[in-house]
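Enquirer: Okay, here's the structure, questions in a sec.
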Amino acid sequence: MAVEPSGKLIVFSAPSGAGKTTIATMVLQRIANLSFSVSATTRKQREGEQDGVNYYFLDKATFEKKIEQGGFIEHEFFFGNYYGTLLDATESVLASGKNLLLDVDVKGALNVRKLFGERSLLIFIQPPSMEVLIERLQGRGSEDDAALQERLERARFEMSFADQFDTIIVNNNLTAAVDDVEAAIVNFIG
């Protein structure tokens, strides 16, 4: 008989440029019993990255086999590579009593809700406006016009799902957004 996991899942979704990664990093420093979920990917390992720390690096055939076997909570194909959250790694962390923070797209977040129900808290990080989002993405200087337009289309798509999340945090002020996210998580995990 399986032991019921005691940890909970906190799921972050946001359009690129909304500040999700920054908020997640700050919240992880503030909440002791919260770990960051390590995703699996088929992208090439970059210098300085460690397997099992930054990502679980899998080849395409292994990743696709795990998809067929139901080995992912969620997965997506994005910019030529697979990314996903491994079911066994997630269950292992939850069974240890730790809470887990996942950074996934909106469809992945909704799938987490289907699988984990009330043991999951879905938080959507939203930019104050599309204009601010455009400024943030342009400020990165890492996107050409075509890539920027693609990210903006994806942002509009992702923002259309925000009302299906438990909490929407508008990142107009980083300190306030981090405080609001922390309060929502602490309230949820007890």
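Don't overthink the numbers, they just go from 1 along the chain as shown.
Cβ atoms here come from the backbone N, Cα and C positions, even for glycine.
Take a look at what Swiss-Prot says about it:
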type    : residues                                               : note
BINDING : Ala14, Pro15, Ser16, Gly17, Ala18, Gly19, Lys20, Thr21 : ATP binding site
DOMAIN  : 7-186                                                  : domain 'Guanylate kinase-like'
Enquirer: Given a separation of at least six residues and a C-beta threshold under 8 Å, show me what packs close to Ala18 (ATP binding site) in the same chain.
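Expert: Correct list: Ile125, Gln126, Pro127, Leu133, Arg136, Ala155, Asn171.
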Enquirer: Let me know the DSSP-derived helix, strand or coil state of Gly17 (ATP binding site), please.
Expert: coil
Enquirer: Within a 10 Å radius of its Cβ, which of these binding-site residues (Ser16, Thr21) has the fewest neighbouring Cβ atoms?
Expert: Thr21
Enquirer: So which of the binding-site residues is most packed in, judged by how many other Cβ atoms lie within 10 Å of its Cβ, out of Pro15, Gly17, Gly19?
Expert: Pro15
Enquirer: So how many other Cβ atoms are close to Ala14 (ATP binding site), meaning within 10 Å of its Cβ?
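Expert: A count of 26.
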Enquirer: Only counting partners 6 or more residues apart, tell me which same-chain residues put their Cβ under 8 Å from the Cβ of Lys20 (ATP binding site).
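Expert: Non-local contacts for Lys20 (ATP binding site): Phe12, Ser13, Ala14, Asp103, Ile125.
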Enquirer: Can you give me the residues near the recorded ATP site, meaning same chain, not Ala14, Pro15, Ser16, Gly17, Ala18, Gly19, Lys20, Thr21 themselves, Cβ no more than 8 Å from the center of the site's Cβ atoms?
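Expert: The answer, listed by sequence position, is Ile125, Pro127, Asn171.
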Enquirer: Take the domain 'Guanylate kinase-like' (7-186) and average the pLDDT across it for me.
Expert: 92
